[in-house]
Ligand SMILES: Cc1cc2nc3c(=O)[nH]c(=O)nc-3n(C[C@H](O)[C@H](O)[C@H](O)COP(=O)(O)OP(=O)(O)OC[C@H]3O[C@@H](n4cnc5c(N)ncnc54)[C@H](O)[C@@H]3O)c2cc1C
Ligand SMILES: NC(=O)c1ccc[n+]([C@@H]2O[C@H](COP(=O)([O-])OP(=O)(O)OC[C@H]3O[C@@H](n4cnc5c(N)ncnc54)[C@H](O)[C@@H]3O)[C@@H](O)[C@H]2O)c1
């Protein structure tokens, strides 16, 4: 009889947990996974996927508008939030079925309930059942942070935003990070009156300043209002059911929905990690080594719960590396250099490698090349929004160490360009590459 019920018990069937389960099973491990909500996790159920579909849905507002200049007559075009919302929800259902089927076809046993750590080799399910495993993988993700606001119960987070009964007429968004900028773009395009209030005067901290300095005025020109140095103190519910937002100095802001997007904290509360001698970091994260091993030899952790980089491809890569390391005889760690990322704002931002400021601080002599251009697809558009690309080059080696882009399709273009940065290609090699004309991407090889 086997010493343990399973070789691997995974807590959380999100991006990292599903990948680790599948790969560990393919290496011959007997695997079980517990999921307290829906298989697929944040990205599939209430993150990247439904968000991107809302972005696509909202793009039609601009496309329909621009279409007239290309000769199309679009009569009687109207928008129905419930149709878009329900279409997105049905695609999420489809993906949940696909992820569940992946677990089934790989013989991963699925417990549809919460699990906590009861000891170094034991988990306890919500039903009370205890299960033993040679290894435990914690992949429980993160959870939206709600700052101390009087009337916080009247606010929503990104968890609820996909299920609104109707399109809000007025939306106030707290925060100026990924989620805030993406949903400001979505609601603005769909016709809501959007106000972003932030505690500082910086949007998208961590992105190259030239990109954020380009994004903000474009968003303002599209109608998004910004209130800087205005953290929300109180959200008041009025007799008619609408909300009044008291934020910093200045007049209260009327709203129908208040979306709080102030970061996500590892979901470790009540997870029982003390039963395995694991001490959490000060943000609630699980400290791990380069191979995602915790302070307990039989317990590993991947994804948002470790708070290394909160992105889906990172959780997936860490989960895969864990399974190869522990069950595949191929020790692998994840490399965190040159991670491409994007903000699906309108227009979107995409970035890889060092910002200009970081390169100057870390490398000494740096050369910077920029292209400030009007994308061809905006030629007829009434809003003459300009794109902006920047290459950051290490003057000592001529290597391109950062690419930063804002403009239509920037994330699609950047994924390919990120290969060049990861491979350490030089500016001379960019210059050697023939342009693909006419395209926006050709700007990348034409900067002199
Ligand atoms: C609105 C939004 C948009 C995003 N957009 C993007 C994007 O465009 N690109 C990108 O790369 N990233 C995006 N992200 C981030 C991305 O979703 C996360 O980085 C990613 O999902 C992390 O994967 P994970 O496996 O660590 O955790 P998750 O995917 O969150 O999975 C954790 C799972 O564990 C379950 N769970 C938690 N506790 C327990 C327990 N005790 N027992 C059983 N189950 C448990 C949860 O229900 C969840 O299903 C977005 C996030 C949000 C919120
Ligand atoms: N396109 C993408 O890849 C994508 C999209 C959405 C989310 N995500 C991931 O999800 C994570 C969470 O997104 P997010 O937008 O919630 O976080 P974020 O870290 O991007 O932004 C948080 C914002 O809230 C503000 N803030 C923080 N604490 C506050 C407080 N107490 N009071 C007032 N303001 C406060 C910050 O100044 C910042 O502007 C991101 O860090 C990202 O890794 C990625």
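Heads up, the Cβ atoms here are built off N, Cα and C, so glycines get one too.
Keep in mind the model is a prediction, meaning the values are calculated, not measured.
Residues or ranges marked as domain 'FAD/NAD(P)-binding' by TrEMBL: 6-319. Mean model confidence for the domain 'FAD/NAD(P)-binding' (6-319) is a pLDDT of 97.
Sequence annotations record features per position, and here TrEMBL assigns disulfide bond to 43-48. DSSP classifies residue 48 (disulfide bond) as helix under the three-state reduction. The Cβ of residue 48 (disulfide bond) lies under 8 Å from the Cβ of 312, each of which sits 6+ residues away along the same chain.
Annotation source TrEMBL lists FAD binding site at 52, 304. According to DSSP, residue 304 (FAD binding site) sits within a helical segment. Annotation for residue 304 (FAD binding site): spatial neighbours 16, 42, 141, 142, 264, 266, 267, 310, 315, criterion Cβ-Cβ under 8 Å with sequence separation of six or more.
In the three-state DSSP classification, residue 175 (NAD(+) binding site) falls within coil. Of all the Cβ atoms in the protein chains shown, 24 others lie within 10 Å of the Cβ of residue 175 (NAD(+) binding site). Marked as NAD(+) binding site by TrEMBL: 175, 176, 177, 178, 179, 180, 181, 182, 263.
Annotation source TrEMBL lists domain 'Pyridine nucleotide-disulphide oxidoreductase dimerisation' at 339-447.
Packing around residue 437 (active site, proton acceptor) is summarised by its Cβ count: 8 other Cβ atoms lie within 10 angstroms of its Cβ, all protein chains included. Feature annotation from TrEMBL assigns active site, proton acceptor to 437.
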Fewest neighbouring Cβ atoms within 10 Å: which of the binding-site residues 177, 263?
263
Within 10 Å of the Cβ of residue 179 (NAD(+) binding site), how many other Cβ atoms are there?
23
Those recorded positions, 43, 48, 177, 179, 181, 263: which ones have a Cβ sitting under 6 Å from ligand 1?
43, 48, 179
Taking the residues the record says bind NAD(+) (175, 176, 177, 178, 179, 180, 181, 182, 263), how far apart in Å are the two Cα atoms that sit farthest from each other?
14
For the recorded positions 43, 52, 181, 263, 304, which sit with their CB under 6 angstroms from an atom of ligand 2?
263
Compare the C-alpha of residue 263 (NAD(+) binding site) with the C-alpha of each of the recorded positions 43, 52, 437, and give the closest one.
43
